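So the structure is just underneath, and the comments pick up after that.
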Amino acid sequence: MESSILDSLGVEIIGVMAPVSICMFLVVLLTYSLSVTSDPQIRSAANLIYIENPSDSTTVKLEGSLANAIVFVVLIAAVTFILVLLFYYNFTNFLKHYMRFSAFFVLGTMGGAIFLSIIQHFSIPVDSITCFILLFNFTILGTLSVFAGGIPIVLRQCYMVVMGIVVAAWFTKLPEWTTWFILVALALYDLVAVLAPGGPLKLLVELASSRDEELPAMVYEARPTVSSGNQRRNRGSSLRALVGGGGVSDSGSVELQAVRNHDVNQLGRENSHNMDYNAIAVRDIDNVDDGIGNGSRGGLERSPLVGSPSASEHSTSVGTRGNMEDRESVMDEEMSPLVELMGWGDNREEARGLEESDNVVDISNRGIKLGLGDFIFYSVLVGRAAMYDLMTVYACYLAIISGLGCTLILLSVYNRALPALPISIMLGVVFYFLTRLLMEPFVVGVTTNLMMF
């Protein structure tokens, strides 16, 4: 039976929703603290066609915002296909360096501008040299934490949240109509790109899965968790070992990889003849020549930690006389103290029976990965709602969290990569306009008439 996120649903949901909630809360806090307003004259990839003016008619705003959203999605799709081609032709190092440059640019320029705005708004007494040193160290550490090995996962998670906050804070400066059309267009694009045949994101995931490689992308990875019910089974089905061959990253650090059971058994059989300290198995040798052993002993004796070369040669010569089943039975008995100590004794047979399930993805061991774009556009929606009223902020937050929970449930059912934007964004947009057009007038009316406090 395949493992599911439902086995540890609460921990998985909290591990994803907590950083999303923190990101949205800090974006709302920045919006209120810095009094962020839409800048109609801002020029970016999101408004290449039409620059919104307050004096424009509704029809002009509608047509211009729709054109901006279409162009923005087309640009994102084109860049994504370029990334697919680069990854297909093994330009992985180039992609990693590009991601590091992107992180440096976001933290250094966009984050630096927000940092200066905070200093000016709150009149923080700091000189320019100290400010530059702090910003430089903060940027360099964030850049190194993207793909460098040996970085604590908590630090990497924090920088992913920070980059989401910085980009979302800049997106909130876009005009209102353009922002809403871009959010809806991105939700639809995410749905097509991940699920449609030939979609760029689907091609990336399938290509990475076929190569058994990690995607060179900015994703938030929740800490992997294993439920108590699956812990014993996962020990047998997906043994974890520290491998120094193919699992060395660019920085030279050794990564933790999942080793299949048949690989472990094969390594164990190959190394059993090369170990300096061999376990000596002395069998009853009544049917063996008298020259091999003079003292016949009944039963089986084991000396697990004997390093004598002669004893090793004797053990090897005796072991080669048996068939493969005898070798496996001897190894089972020799390893029984270690197996019982590590709690794998009951799962040895089960592990052998699960060798054919190498392609099963164990989500409970890997954890859930959420793209940085999901953090950004969740926060953009809430930040845009914060420019109107706190009531719309509450409604949009509940809608986004509910949509994310539905996505996690679907993830556990289908056990494949799913888009995280469509459900949450659609619910958030619907809740925003329902709250703004229906709920807020009703609440304000009954409150002013002292019918509700």
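For all residues, glycine too, the Cβ spot is worked out from N, Cα and C.
Note on Ser57, Ser227, Ser296, Ser315: Swiss-Prot annotates phosphoserine at Ser296; no matching annotation appears for the rest, which is not proof of its absence.
Membrane topology of Ser33 relative to Tyr220, as recorded in Swiss-Prot: opposite sides.
Spacing of Asp190 (active site) relative to Asp374 (active site) is 10 Å (Cα to Cα, whole number). Below 8 A, the CB atoms of the transmembrane segment (160-180) and the transmembrane segment (393-413) form no more than two pairs separated by six or more positions in the chain, fewer than 3 in all.
Among residues of the same chain six or more beyond the intramembrane segment (418-438), those with a C-beta under 8 A of the stretch's C-beta atoms are 180, 183-184, 186-188, 190-191, 193-195, 201, 370-371, 373-374, 377-378, 381-382, 384-385, 388-389, 391-392, 395-396, 398-404, 406-407, 410-411. Long-range Cβ neighbours of Asp374 (active site) (same chain, at least 6 residues apart, Cβ-Cβ under 8 Å): Val20, Ala420, Leu421, Ser424. Within its own chain, the topological domain 'Cytoplasmic' (154-159) is flanked in space by residues 19, 103, 107, 141-142, 145-146, 220-221, which lie at least six positions past its ends and keep a Cβ under 8 Å from the stretch. The Cβ of Asp190 (active site) has 24 other Cβ atoms within 10 Å, all protein chains considered. Per-residue confidence over the topological domain 'Cytoplasmic' (90-103) averages out at a pLDDT of 91.
Of the ranges 133-153, 370-390, 393-413, the one with the most Cβ pairs under 8 Å to the transmembrane segment (181-201) is 370-390.
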